[in-house]
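Undergrad: One structure, as structure tokens, below. Some questions next.
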Amino acid sequence: MADSSFSLPPLCERISYTNYFLRAVYLTVLGLFFSLLLHRIRHTSEYDNVWLVAFFCESCFFLVCLLITCLKWSPADTKPFPDRLDERVHDLPSVDMFVPTADPVREPPIMVVDTVLSLLAVNYPANKLACYVSDDGCSPLTYFSLKEASKFAKIWVPFCKKYNTRVRAPSRYFLKPISVATEDYEFNRDWEKTKREYEKLRRKVEDATGDSHMLDVEDDFEAFSNTKPNDHSTLVKVVWENKGGVGDEKEIPHIIYISREKRPNYVHNQKCGAMNFLARVSGLMTNAPYILNVDCDMYANDADVVRQAMCILLQESLNMKHCAFVQFRQEFYDSSTELIVVLQSHLGRGIAGIQGPIYIGSGCVHTRRVMYGLSPDDFEVDGSLSSVATREFLVKDSLARRFGNSKEMMKSVVDAIQRNPNPQNILTNSIEAAREVGHCQYEYQTSWGNTIGWLYDSVAEDLNTSIGIHSRGWTSSYISPDTPAFLGSMPAGVPEALLQQRRWATGWIEILFNKQSPLRGLFSKKIRFRQRLAYLCIITCLRSIPELIYCLLPAYCLLHNSTLFPKGLYLGITVTLVGIHCLYTLWEFMSLGYSVQSWLVSQSVWRIVATSSWLFSIFDITLKLLGISETVFIITKKTVAGTKSALGSGPSQGEDVGPNSDLFKFEFDGSLCFLPGTFIVLVNIAALAVFSVGLQRSSYSHEGGGSGLAEACGCVLVMMLFLPFLMGLFKKGKYGTPLSTLSIAGFLAVLFVVFSV
């Protein structure tokens with residue numbers, strides 16, 4: 001591992017940020033918010049029940065604001081120095097790279113291929129890497145694409161390393177034409193050749209997608225005969241085995257295709273179960289001490305990504321900081337994901353300053369020993385396993401009870417825990433053992449998914465697993481390099497994006513009610529108080545109910561002639577509070593290079609997600625708690641870079657998206673997710689119409705008077721935030737509100753108006 005010589009410079013540096021001005025802003029916002037709530041309480045008797053409802057909603061918003069402030073209070077980052085690893089090149093550990101996929105239709109094979117090719121081409125010794133692709137759909141098309149990709153990789157990987165290309169996903173690299181100013185004849189020739197070969201690869205994959213009979217001509221595909229996505233045996237195939245030596249830049253890493261056994265009457269635990277199967281198979285074949293987990297729609301955008309993670313893991317292990325994993329910031333090449341990037345940049349750094357970032361499911365380098373259930377207390381100062389842990393973990397009966405009855409698996413676990421050198425075995429010799437650990441019943445009565453590996457009982461397996469790791473006392477590190485380490489694609493279209501947000505929120509809320517969830521670990525002394533608050537951020541999804549109510553309150557007050565906002569001085573406090581919040585969030589966007597329009601669009605997106613996806617996630621969890629239905633892991637449809645739908649020519653991070661922002665290309669379908677937004681817009685239109693013609697009822701307030709200009713401005717602001725739904729009322733086709741949605745929303749709006757007037 002890392003050289004222990006103190007004369008060597010540090011591999012990484014932890015940077016803590018202290019901005020007293022921002023802290024003053026946080027405290028000012030909280031102070032104004034608290035004074036507004038006090039005013040609500042003191043004058044409740046002077047107004048009707050609207051003030052009580054407003055107090056409830058604003059109290060929820062205050063708690064969320066307080067929670068976010070606690071997390072942002074002491075941001076931190078980690079700066080790696082990958083160039084310094086060259087002094088320790090012989091000490092670099094092996095890394096197993098996991099790429100899970102499940103559906104060749106919703107996750108196109110060429111997209112999976114691009115991700116794999118980008119990982120194969122990273123700046124790291126090829127004989128130290130192994131790429132495992134888990135295909136939960138058992139698709140011959142995915143396997144075919146992987147085989148063809150392995151042939152192209154023999155051209156692509158040497159090309160990338162020879163010319164030190166920055167982007168190593170071919171679909172993204174070849175979007176930009178070769179520079180006319182480039183006079184290097186050899187480079188031009190190699191560039192043209194590599195591009196031609198990549199286009200051949202794409203055509204082969206596309207042809208095979210359109211004609212599945214092409215796959216039947218090869219004997220290698222006989223194993224896929226009579227297989228179904230949810231009914232098939234375990235498949236383990238070595239696509240390519242690296243047999244080269246150290247420093248051979250023409251070699252490519254191992255490529256292994258796996259698909260675990262699936263039967264209709266067995267629970268498979270979705271992606272989480274696939275990740276645990278990847279952990280077992282890789283343990284049997286290569287057993288690298290570190291694991292890089294990347295979603296199939298996220299490619300490596302920085303060639304030094306593995307080296308950056310190693311800087312932290314090797315440095316942390318040297319100083320015994322108990323670092324369990326390194327999480328990279330999740331970024332996208334789509335032009336509609338500014339909000340996610342901003343949240344991760346500011347909130348992610350804040351959490352990194354506590355016990356470490358939360359594992360977000362992709363772009364993360366794990367330590368295998370940690371994933372096998374060990375805690376920092378199980379190790380001595382020098383990093384060796386303690387005598388107590390040795391007796392507990394390495395006894396044969398204990399190993400079988402925890403990891404299953406496979407002798408080969410138990411041996412690999414012992415080697416991984418003790419950090420024994422992994423001999424360069426022939427991969428094909430481990431195929432039978434790998435198939436054994438892929439059986440449906442293998443995990444039965446073991447600790448897989450409970451305390452070992454990726455944890456079950458939630459569709460948000462990343463958050464569940466992260467809680468389990470931190471509750472054992474581990475820390476984690478956050479890297480936010482200037483060049484995004486990984487870039488991914490958001491789901492194709494607004495309906496798919498809202499569906500993904502609904503799935504995420506469902507998993508987050510589900511953790512609150514899980515009997516087997518490691519959420520109980522939040523009360524462990526090994527997890528810091530503010531880190532507990534970081535995980536309790538999942539309750540922000542529950543604010544969708546007060547958010548929906550608050551969007552309707554101005555309209556209700558106009559119809560009912562009630563007062564929502566305070567008068568005089570406290571109206572000024574309310575306006576000041578909103579103004580400071582807007583200026584602060586605008587600064588967050590502009591500090592990352594985004595425009596004012598990007599900020600405006602993101603404010604609208606945030607409201608839409610909160611009142612649609614998050615709202616229906618609460619409905620999903622309610623049905624589960626009542627025993628009516630179970631939560632379902634939904635695979636969202638992904639787009640391929642370079643296609644029109646993928647916004648391949650769209651701006652990168654920090655660029656202005658211009659007037660053709662996705663806000664003005666809001667696509668509708670018949671999904672119920674569009675119902676709340678349409679309903680909100682119709683209600684506010686009706687309220688403004690009633691107010692403008694003076695058809696309000698007489699005020700029943702005691703001393704507060706009726707509604708006025710402030711409530712009308714509130715309605716206008718709500719409609720501005722839901723502008724896509726307002727525009728959808730006047731458009732046709734996919735950019736217009738479907739008649740079914742409009743009819744239901746209109747009926748509900750009429751009921752709301754009738755009972756409000």
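The backbone N, Cα and C atoms fix where each Cβ goes, glycine too.
According to Swiss-Prot, the feature transmembrane segment maps to 18-38, 50-70, 533-553, 569-589, 615-635, 674-694, 710-730, 737-757, an assignment based on sequence analysis. Under the heading active site, Swiss-Prot lists Asp136, Asp462, citing sequence analysis as support. Annotated coiled coil per Swiss-Prot: 186-216, in sequence order, evidence recorded as sequence analysis.
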Undergrad: Tell me which residues of the chain lie with their Cβ under 8 angstroms from that of Asp136 (active site), as long as they are six or more apart in sequence?
TA: Pro100, Thr101, Ala102, Asp103, Pro229, Ser259, Arg260, Lys262, His268, Gln270, Lys271, Ala274
Undergrad: Within its own chain, what residues at least 6 apart in sequence put their Cβ under 8 Å from the Cβ of Asp462 (active site), listed in sequence order?
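TA: Ile358, Tyr359, Ile360, Gly361 - these are the non-local Cβ neighbours of Asp462 (active site), listed in sequence order.
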Undergrad: Helix, strand or coil by DSSP: which one applies to Asp462 (active site)?
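TA: In three-state terms, Asp462 (active site) counts as helix.
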Undergrad: Can you work out which residues elsewhere in the same chain, 6+ from the ends of the transmembrane segment (18-38), have a Cβ less than 8 Å from its Cβ atoms?
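TA: Beyond its ends, the transmembrane segment (18-38) has Cβ neighbours at 55, 58-59, 61-62, 65-66, 69, 72-74, 566, 570, 573-574, 576-577, 580-581, 584.
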Undergrad: If we skip the immediate neighbours and take only residues 6+ beyond the ends of the transmembrane segment (533-553), which ones have a Cβ under 8 Å from one of its Cβ atoms?
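TA: That would be 50, 53-54, 56-58, 60-61, 64, 67-68, 70-71, 351, 354-355, 358, 463, 466-467, 470, 505, 508-509, 511-512, 519, 522, 564, 607, 610-611, 614-615, 617-618, 676, 680, 683-684, 714, 718, 721-722, 752.
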Undergrad: May I ask for the residues of the chain that lie six or more residues beyond the transmembrane segment (737-757) and have a Cβ under 8 Å from a Cβ within it?
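TA: Contacts of the transmembrane segment (737-757) (Cβ under 8 Å, skipping residues fewer than 6 from its ends): 552, 555-556, 559-560, 668-670, 674-675, 678-679, 682-683, 686-687, 690, 695-697, 725, 728-729, 731.
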Undergrad: Using DSSP and collapsing to three states, where does Asp136 (active site) fall: helix, strand or coil?
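TA: In the DSSP reduction, Asp136 (active site) maps to coil.
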Undergrad: I need to check the long-range neighbours of the transmembrane segment (710-730): which residues 6 or more away from its ends have a CB within less than 8 Å of a CB in the stretch?
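TA: The answer is 551, 553-555, 557-558, 563-565, 571, 603-604, 607-608, 663-664, 666, 668, 674, 677-678, 680-681, 684-685, 687-688, 691, 736-737, 742.
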